[in-house]
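S.K.: What TrEMBL lists as UTP binding site is 106, 169, 198, 229, 367. For 199, the entry in TrEMBL reads substrate binding site.
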């Protein structure tokens with residue numbers, strides 16, 4: 001034991017010191033300061049309830065409702081209009097396209113036919129409003145990273161028949177791990193000193209921005225929240241109808257797990273309530289069990305439907321105490337901590353909350369260029385802004401695609417394909433090294449293409465590769 005031990009600082013002292021430091025930061029609002037201090041206090045007091053593994057129960061069909069048991073809503077245009085006039089669509093638009101080598105908001109990456117994620121979202125809601133004569137508004141929750149760019153981008157939709165609102169999620173200071181002080185007070189003036197605290201923040205931010213009161217005043221009842229990069233998250237009248245008829249305050253869309261989704265959060269029944277279980281909450285000795293497709297068969301798509309009055313009630317009562325996700329980072333060699341929450345974890349605070357087990361087609365996220373390859377290929381077509389899967393593919397699962405680091409950035413990915421290959425009959429593709437694709441190529445079965453180090457490998461126009469291992473031009 002060292003002779004000079006640090007004096008033990010109590011939790012209250014730590015919070016009081018942080019509160020004094022944060023009070024001096026004039027870049028953020030009083031609401032943000034209060035929210036931040038409350039989050040830190042919860043984190044430090046360690047009120048994270050440990051999940052008792054033996055109490056976990058598999059949810060019944062009453063709690064996680066199979067999609068095909070939902071009643072089909074009336075075909076009547078007027079009835080449908082009434083339903084849709086109660087709806088608001090909210091896209092989480094806080095993420096940057098950095099992992100895919102793009103600057104600016106991720107939602108402005110071109111997905112297909114020159115349309116961006118945001119274009120497709122606007123076209124979808126436009127066609128809905130036109131078809132039913134309703135007025136479903138679009139809300140974009142930006143972060144301080146995406147706000148300025150998004151404001152400029154939405155101007156191009158000013159002539160559309162759709163009301164677009166933008167608001168910012170909270171901006172919290174990163175915490176210096178060493179002395180638990182806010183990074184911006186250490187002279188970090190720029191964006192690096194701050195972070196957006198995860199999409200669990202959507203509920204207080206919706207309220208703090210004044211948008212929640214505005215929507216309630218317009219007679220809106222439900223918000224459909226989804227990630228802006230999930231092309232499958234389209235308005236579903238069947239789900240909306242079910243929630244309104246059954247007065248469910250919250251609904252999480254889940255879908256059956258495949259081996260690609262083993263890390264995704266799942267829904268459980270726990271002490272009589274439905275709850276999200278994330279891999280981070282699972283004790284080490286149960287992680288393999290959590291990842292098994294047998295016991296935990298579904299995962300969270302992050303398509304969420306939430307009653308607006310319920311959000312108002314719970315935010316005002318400060319009742320949404322979601323599990324805190326600590327996210328350690330390093331900024332210019334300084335170890336910092338970000339505390340975040342997830343919107344899906346709020347499910348246990350709402351009344352009559354349910355999951356709906358939806359078809360996989362409602363989960364089509366684009367996280368990497370390998371996903372871009374899928375949605376730009378003949379596996380999908382584009383109709384009215386909706387990305388529709390090609391019925392010619394009989395396998396319900398998509399091909400698994402692994403592209404090497406040469407394809408990681410969108411610009412490089414696009415340069416390496418003269419045109420996107422036909423992959424309707426592909427099971428898996430693995431590409432490594434300096435590989436370039438000609439036009440009109442067809443890939444079937446299992447295909448592996450490996451360019452040897454320092455060798456440029458070109459796949460010629462019109463090539464058909466079926467169940468092939470290609471290691472050089474001689475294999476073509």
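Glycine is no exception: its Cβ is also placed from the backbone N, Cα and C atoms.
Note that the structure is a prediction, hence the values are computed from the model and not measured.
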S.K.: Which residue among the binding-site residues 106, 229, 367 has the fewest other Cβ atoms within 10 Å of its Cβ, if you could check?
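M.R.: Ranked by other Cβ atoms within 10 Å, the binding-site residues 106, 229, 367 bottom out at 367.
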S.K.: If you pair up every Cα among 106, 169, 198, 229, 367, the residues annotated as binding UTP, what's the maximum separation in angstrom, rounded to an integer?
M.R.: 21
S.K.: Would you list, in sequence order, the binding-site residues among 106, 229, 367 whose CA lies within 10 Å of the CA of residue 199 (substrate binding site)?
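M.R.: Checking Cα-Cα distances against residue 199 (substrate binding site), none of the binding-site residues falls within 10 Å.
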S.K.: What residues, ordered by sequence, lie under 8 A Cβ-to-Cβ from residue 169 (UTP binding site) and sit at least six positions away in the same chain?
M.R.: 94, 141, 142, 143, 196, 197, 199, 201, 202, 205
S.K.: For residue 198 (UTP binding site), write down the residues of its own chain that are at least 6 apart in sequence and whose Cβ falls under 8 Å from its Cβ; none is a fine answer.
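M.R.: Sequence-distant Cβ neighbours: 325, 340, 341, 342.
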